[in-house]
Amino acid sequence: MTCANCVNSVEGILKKLPGVKGAVVALATSLGEVEYVPSAISKDEIVQAIEDAGFEAAFLQSSEQDKVLLGLTGLHTERDVEVLNDILKKLDGLRQFGVNIVLSEVEIVFDPEAVGLRSIVDTIEMASNGRFKADVQNPYTRGASNDAQEASKMLNLLRSSLFLSIPVFFIRMVCPSIPFLSTLLSMHCGPFLMGDLLKWILVSIVQFVVGKRFYVAAYRAVRHGSTNMDVLVVLGTTASYAYSVCALLYGAFTGFHPPVYFETSAMIITFVLLGKYLEVLAKGKTSDAIKKLVELVPSTAILVLKDKEGKHVGEREIDARLVQPGDVLKVLPGSKVPADGVVVWGTSHVNESMITGESAPIPKEVSSVVIGGTINLHGILHIQATKVGSGTVLSQIISLVETAQMSKAPIQKFADYVASIFVPIVITLSIVTFSAWFLCGWLGAYPNSWVAENSNCFVFSLMFAISVVVIACPCALGLATPTAVMVATGIGANHGVLVKGGDALERAQNVKYVVFDKTGTLTQGKAVVTAAKVFSGMDLGDFLTLVASAEASSEHPLAKAVLDYAFHFHFFGKLPSSKDGIEQQKDKVLSQWLLEAEDFSAVPGKGVQCSINGKHVLVGNRSLMTENGVTIPPEAETFLIDLESNAKTGILVAYDGDFVGLMGITDPLKREAAVVVEGLKKLGVHPVMLTGDNWRTAQAVAKEVGIEDVRAEVMPAGKADVVRALQKDGSTVAMVGDGINDSPALAAADVGMAIGGGTDIAIEAADYVLVRNNLEDVITAIDLSRKTFSRIRWNYFFAMAYNVVAIPIAAGALFPFTGLQMPPWLAGACMAFSSVSVVCSSLLLRRYRKPRLTTVLQITVE
């Protein structure tokens, strides 16, 4: 694919295929994503349809998690295939398989619940007595291999073209100045001049052997009713070549030898190939981010072998892609963690900067969670794998980045439209250019001195027309947006900001409001109880047991704080000193210590209610008490107001219809919250705080971080309404949240940002995923989007300005004033380098440096 029109052609072909539900093709990555019904059409038929349209295609990977492609060493003959089939048929858990002897591959669909991937590989190798050696094919490696093959192919074509074109250039430009060579080349070889005959032979090879790819691609494009850059190259070079052949034959029959322009078509093809080769190399640089992420995955893992009693009996080195959930793996100091898991033995520090962007090493001990691809710094760890393959954090990040690079920004529609009409317009302009110059020359509208010796008005006009066809470049327009988006999504991933597509990037540049959820977003999400007071005759210990029993079934962050406070109140000084020991004892005594709660229900935005010992228990805010007719004593009201004035949340408790006490809970603000809010203001963005908490607490928190616009006592369903209200005047609104109750607002916002520790539902609803639990990344997301679209605008300016300026010059607009004519080969060189310049412009985004917390206040609005 060379331009946006190629993308439109491929997408159009795919969408017409029976069984294809949708298709998206990315020019910058040369990748396509097709959603299809396997029972209606196969992947091979999809690949064949693309190839029939004139494009090279290969299957890379399937989204099915239970499908795997194995490469096999030792698969050479039909007998080998029979042996392999016999082995696979006896393997339990295999749904289907297909062997490709040409590629030495076998595609397997299996039931992960019945058999593991490592078991499949081990069975193939053991049952064949070492005849076969199997390994899991990495789709990213195959993609990189395809890119390398494309670059190698372009380089070979370029070398061939240069090898043949340089002699043609010397014969045309240098040899006439050397008397001996000039005389030699002017000699007759039959009816032809020696020089012209040599050029014809050499250029014919360039035109039809080296340039075959242009003819094939142009033919298939036209056959499918579309046009692209290949059509322009074929028209320009064929016109020059055909005229030269006609001139050569005319000289052979008449004895008058007019000038030939074989070097024009040869040099155009050479420069186009040079441009394409440089473009392939430059586009390869735009995908460096994904390559770096893929390289984080270790190639091997050390599997800890245990007997039936769980004793360590040995170790085995395996392919990291063969790790299965539940495996215990040994991670040596300095090595990479092979999969997501939990530490079951050992202590160490792990460098997670490559995943989260957090520079400080993270301490790990028993029960700590580790992420695949991170580096164990010192100390040996034994981890139990919990997520492997596509389920790991690293794989999900790679998948998000890939999906983002496949998506199209709305601004890309402009390029798609221009590309659809570009080639016909250029061909029309070329015909108009030829006609105008030829008619003016035929009518004597310009002096004969403008036409070169041994030339004529027809040739003079033809050279202008060819230059117009060759200099026009639709590729630059097609690459302007996708290359910038590709680099930006990669840069974002490196900084812990995952963007879900070009459309999200485009919307984020115009953000006017950023709405922050309070709990877990502006605050640390680690609530702690600071006060507990009983306003009845109930004992404090009984009060805490009652509250903890009611909150035990709740998933709210405040519930965990209540449970921890009550647990430590009852068992302080009676537990082991180590954290691991506390957790083990806690699990043992919780079921014995807590009271049985029946009829439990959570009241969104208000609290919880249940029955304990047959009596109704309420734990929540004022609204919950009021709705249930519970009267709050004056002394409790005074205590509550004092808590709320100090940015603490009051949890009120009623038992059997009577108010019994309350607890004060605080959730510390994130250290960067105030500075980030000030930074957003410097960016011209209006911060808003949204919370279900009461007004007094909300205003105290907002004052501390510097937010003037506060929306308090908002129910989860009402958060989306607040977002929609801000959008009424056409403003772009971003929502930053982390919980399930934030997902409606994240979905309603123009730009949803899920903060790193958020739930899967919040992450699914968001447009941006901020991997680190750090608010600085909100500024990074907005700043990166603005820088990206500033670069995209420059790309479009370069691409449009190039065509607007270059086409008139090629058409000879300046010739009457300067006497300078752009030869077609120079026009070809300009066209080749225009697309390279746009890709290089996008690569400048790799120099992006995110605003730091210490310098965030120096940000200026662009």
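Glycine too: its Cβ is placed from the backbone N, Cα and C atoms.
Automated prediction, rather than curation, is the source of TrEMBL annotations.
On the 0 to 100 pLDDT scale, the model's mean across the domain 'HMA' (1-58) is 77. Sequence annotations record features per position, and here TrEMBL assigns domain 'HMA' to 1-58 (among others).
The domain 'HMA' annotation in TrEMBL covers 66-132 (among others). Helix, strand and coil counts under DSSP for the domain 'HMA' (66-132) come to 23 helix, 20 strand, 24 coil.
Outside the transmembrane segment (162-185) by six or more residues, the chain places 193-195, 198-199, 202-203, 205-206, 210, 262-263, 266-267, 269-270 with a CB less than 8 A from a CB of the stretch. Per TrEMBL, the feature transmembrane segment maps to 162-185 (among others).
Taken from TrEMBL, the feature transmembrane segment applies to 197-219 (among others).
The annotation transmembrane segment is assigned in TrEMBL to 231-253 (among others). For the transmembrane segment (231-253), same-chain residues at least 6 beyond its ends with a Cβ under 8 Å from one of its own Cβ atoms are 190-193, 196-197, 199-200, 203, 207, 211, 214-215, 218, 221-222, 259-262, 264-265, 268-269, 272, 423, 426-427, 430, 459, 462, 465-466, 469-470, 472, 474, 824, 828.
Positions annotated as transmembrane segment by TrEMBL: 259-278 (among others). Beyond its flanks by at least six residues, the transmembrane segment (259-278) meets 2, 151, 154-155, 157-158, 161-162, 164-165, 168-169, 171-173, 196, 199-200, 202-203, 206-207, 210-211, 214, 233, 236-238, 240-241, 243-244, 247-248, 452, 454-455, 459, 463, 466, 470, 823-825, 827-829, 831-833, 835-836 of its own chain at Cβ-Cβ distances under 8 Å.
Annotated transmembrane segment per TrEMBL: 414-438 (among others), in sequence order.
Look at TrEMBL and you will find 458-480 (among others) tagged as transmembrane segment. Tertiary proximity for the transmembrane segment (458-480) is limited to same-chain residues at least six positions away from its ends with a CB under 8 Å from its CB atoms, namely 2-7, 27-28, 228-229, 232-233, 235-237, 239-240, 243, 258-259, 261, 264, 268, 279, 283, 415, 418-419, 422-423, 426-427, 429-431, 433-438, 441, 450-452, 792, 795-796, 798-800, 802-803, 806-807, 809-812, 821-824, 826-828, 830-831, 834-835, 837-839, 842.
Sequence-distant contacts of the transmembrane segment (796-819), counting only residues of its own chain at least 6 positions beyond either end whose CB sits under 8 Å from a CB of the stretch, comprise 414-415, 426, 429, 433, 437, 446, 450, 464, 467-468, 470-473, 476-477, 480-481, 827, 830, 834, 837-838, 841. Here TrEMBL flags 796-819 (among others) as transmembrane segment.
The transmembrane segment feature in TrEMBL is assigned to 825-845 (among others). Away from its own ends, the transmembrane segment (825-845) comes close to residues 236, 263-264, 267-269, 271-272, 274-276, 278-279, 282-283, 285-286, 466-468, 470-473, 475-476, 479-480, 483-484, 486-488, 491, 787-788, 791, 794-795, 798-799, 802, 806, 810 of its chain (Cβ-Cβ under 8 Å, at least six residues beyond either end).
Residue counts for the domain 'HMA' (1-58) by DSSP state, with H, G and I taken as helix and E and B as strand, are 23 helix, 13 strand, 22 coil.
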